[in-house]
Amino acid sequence: MSHASISLLPSSFTLIMGMFATAAVINYFKYDNFSVKVQSHIKRIDIASAIEKSEDDSNDEKEILLGMLSTSAIARDKYYTLAIFSTAVGGVLGWPFAMVLIVPFLINIFITFITRPSYKQFGFYLIIGGAALCGALSITSQIDYAFYGKTEFVPINIMLYNVINSGESTGPNIFGVEPTSYYIFNLVLNFYGIGLLSVLGLAAGIILRVEKASFWQIETIVFPIVLWCAIFFAQPHKEERFMYPIYHLITISAAYAAQSITGIFGNTFIISTLHAFWTKIAIFIVISTVSTLRIISLIQNYGAALTVYSHLPQVSNKPENVCVGREWYHYPSSFFLNSNQRLRYVENGFRGMLPGDFIEPEQKGVRSLFNSTSHIPTQFNNENKYNPDLVVPFETCDYYVDLNLPVDSSMGEVQVFDTTTGDSVLDNWSTLYCEDFVDQDKSFGLAKLLYIPHNEFNSVYDLVIAEVSKNQLFNDLFEKVKSSSSYVAFTKHEKVLQAKLQATKLYEQVSEQVKARTPEHVKTFVFNGEVHFNKMCVAKKN
């Protein structure tokens, strides 16, 4: 979630809107449940009034309940509208495939209308759903018309390219395919224990025999995880960002599982309360610690792709070319370039289609901007074929960003940085800045995935020892206890020595058994992992 929620991607925008939609669905169920309870109370009052034939007291109570029913119904309909509108905006403005996530909620609504017929409310909900979808489409199509100069429905174009018109030479599969295990490993990497809890959360309602009404509402909230995985696990082309729209649902399912686990132990109120409290504390500490170490690891291992570009100087207003080769896919965004700088690609051995630029407006103004965005480029294709027109000669570069790794000169690559120091090896170039960037091929093990704070632990330990050593009162007390006859007699007692020996033997036996039963690759992964770094550098032509 730390990187998915802040990325400038359609799937990230869909994730944000999905969070709003899910929150609205949860509130919808809350007010719907309350409405059902109020209606049942009103029915009891009507029955009691009919039997006792007394309306004085019951009328006042009924009036209060009717007011509560009206208020809860308004709130319920409001959250339904928010859920549908958020999904429509996320699907139309972000990623159209994500609208499938609202299907379980719509099915739940439909079944509710079957069991509790209300044609007026059903018609209202249909109108709201249609209005949200049409409204989002009309607004975005008008904006797209202004920029593209013609009527376009981008969500439909996305579905046409990726699903309907895709083939062997077109569609998403030409950008690479992965096995099903790709998503499994990716979700484990990004969610570790939370992912396992999420799986338990999907089945917790069945295992714990939750009340029928609550069970279906819980499953309506978390079942989109199963639906989404069933769709995208089956697609040959897989990317990490395709899972972004369900990230918040994974955490919700995991939270439900954790809450369920903390409530199934203890046969007394005190024991169950204490167990639930400490279990929640333990889960929070473990998850927050691992999450923090993972975030630090990502920043330390991959942060250079952002910070290197921030060291590009702005020494003049003349146009400058910032060139990249094999590291083009780590380029973050043109927001990291100065206004007079433009990204350019040089030969690097990649033989797929590279990104390109819009035609720059000749003058400032909205009309010039629209003329630029409405221009249809001719250098692109839908088959991911290499186009040499998108590559510039190295001699035209003013700055160059790359890793200090050996290059393939046969593919036209230029060796700019020394493979050890990162210094420029070209006479007319000088290195401005370098930062460590993880070596994916040489790094392995747990140390590659999580930041292991060895230095911090050692620093804290040394600090504690130093502070304790400075404390004269503590040292005097320790020496007094250590030299006392009682302490000496205790440490030399036969039973104490025997217990110490037995504890040492038990520790050695357990350690040997654990080592013997632990597969070698697991020991290597956990204890012998290593992180190796290259240097990502930026150089300037003199």
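Glycine is no exception: its Cβ is also placed from the backbone N, Cα and C atoms.
The following features are taken from TrEMBL:
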TRANSMEM  6-29  transmembrane segment
TRANSMEM  79-110  transmembrane segment
TRANSMEM  122-140  transmembrane segment
TRANSMEM  183-208  transmembrane segment
TRANSMEM  214-234  transmembrane segment
TRANSMEM  246-271  transmembrane segment
TRANSMEM  277-296  transmembrane segment
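Between the transmembrane segment (214-234) and the stretches 6-29, 79-110, 122-140, 183-208, 277-296, the greatest number of Cβ pairs separated by less than 8 Å involves 79-110. In this chain, the transmembrane segment (277-296) lies in contact with the transmembrane segment (183-208); the count of Cβ pairs under 8 Å, excluding pairs fewer than 6 apart in sequence, is at least 3. Counting Cβ pairs under 8 Å to the transmembrane segment (122-140), the top-ranked stretch among 6-29, 79-110, 277-296 is 79-110.
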